[in-house]
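Feature annotation from TrEMBL assigns domain 'Glutamine amidotransferase type-2' to 2-219. Residues or ranges marked as active site, nucleophile in TrEMBL: 2. Residues annotated as domain 'SIS' in TrEMBL: 288-427, 460-601. Under the heading active site, for Fru-6P isomerization activity, TrEMBL lists 606.
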Ligand code: F6R
């Protein structure tokens, strides 16, 4: 949610910032802007994509070695030029970029207006920069001190960078609750929301912690706490490869990420599934093994696609490890009064590791004494750092806003976790465990095979691209897959879609079915197959247009469905990893055929850092 990037060094700042903003555009893309410090402090900003800002900058003097940029996902105020960041203070001597939300902005604004500050935008961010200016004036202090004091007054979340005309070779950054990483090069520094704008310049980074303020000045990085205590930065070496954040010949990141799944699934089990030796390992649970074995309950908290992975995990853990599982929307969990005890384990699932609702749910569960286990993709992310233990999904950077490879990597890691717990608790036989290990090991090849359906699915997408509604049905392990298929379609193609347990259809949604309603039924050969066949009959009797995802070799459903796509057979508990593939492809092709921006769908952002 909003991307920030800043540079101070010996190179031209503007091209570095713009390139960085393109990389961060997945975080928000309704407006963008830059501030450049070159004796003057100039702000340029535009509604629209980073490319619109680039076009606007064509005839401007953008020469500067210090600068910052922002790509916005609107919270306060509609997307327009004025609300775009950076924001000046009233005197236009200070400028700020901000990712987050200042909750007490209204009270601060009132106070600042009394002091003579003038506001042009509807944003909370403009309040922040004027607060800094006012504090500096009142206390006749340095910019750094003014920022520090301002942080004591704001309530909410922020990752900010501040530049001042009066401090020509200085950049101040601070964070609480929104991500921030600083890259350290040879006599140059980079600040960004994640490491993607930084990696081609340096692989040495410092992840800024909550309540820390970083001052970059005179070729040095100084990090202090909000109480002004000097902190020793922990410099990490990044392992991110540049290739992994580029499209690599694909038309969209989403398509690249869909096709990366055989590899990303393999990476998520690397070192964890050792077939030859017959071992399952997960370093992250080692210290908490007894807690897992004795857990009286597991609560899974997550949002969106990660929540769907959580639903798959509920089936897996109950099936294989016989521990009761509850799956909660993180946003709801937080705002009720859930019963949590010290014997509960909370599993938080998040691709970005920055989702504010999930973080808040973790904090609540922690305060009640539960053990928190994280399943995150982004290394060093806030959720990864807030949990007691965890396992990274190792899917590599996911840049398309619609989550695809992160989902299958999450399900893989959760499958391994359920298998390990089943083994430790003695709820799964050695034979069954061995069978599952062999089959899990085969999954990347089966996903590869499912990806061969691409052209077939494109043809189906042609036929259905203009319909207004879709229904997705599945049972058992395929129910979360139906939800995920529907979410993928609605978020990138703007077609209304609903996922339902197939049997639940007759309790309401069946009323929607007529000859215009496409119904995607995930009907692989598993324990509920016969029942799903009956559900298909019910749809057919009402003239619904059936698109069925079936197991290779099925002869029954092809005789009933209008369209059939065949996926390779696998064990019932692993089926989501394969059956979700055609649904990802279907939503992708429909969205492309409708002319939608699949990587940056309207109103969405990749990491949702507001509650
Ligand atoms: C859907 C999607 C979102 C995310 C959700 C949680 O394609 O991407 O629904 O799954 O915002 O995000 P993370 O997993 O980063 O916590």
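Glycine is no exception: its Cβ is also placed from the backbone N, Cα and C atoms.
Shown for the domain 'SIS' (460-601): DSSP residue counts in helix, strand and coil, namely 69 helix, 30 strand, 43 coil. Mean pLDDT for the domain 'SIS' (288-427) in the predicted structure: 94.
There are 29 other Cβ atoms within 10 Å of the Cβ belonging to residue 2 (active site, nucleophile).
In the domain 'SIS' (288-427), the DSSP tally of helix, strand and coil residues is 69 helix, 28 strand, 43 coil.
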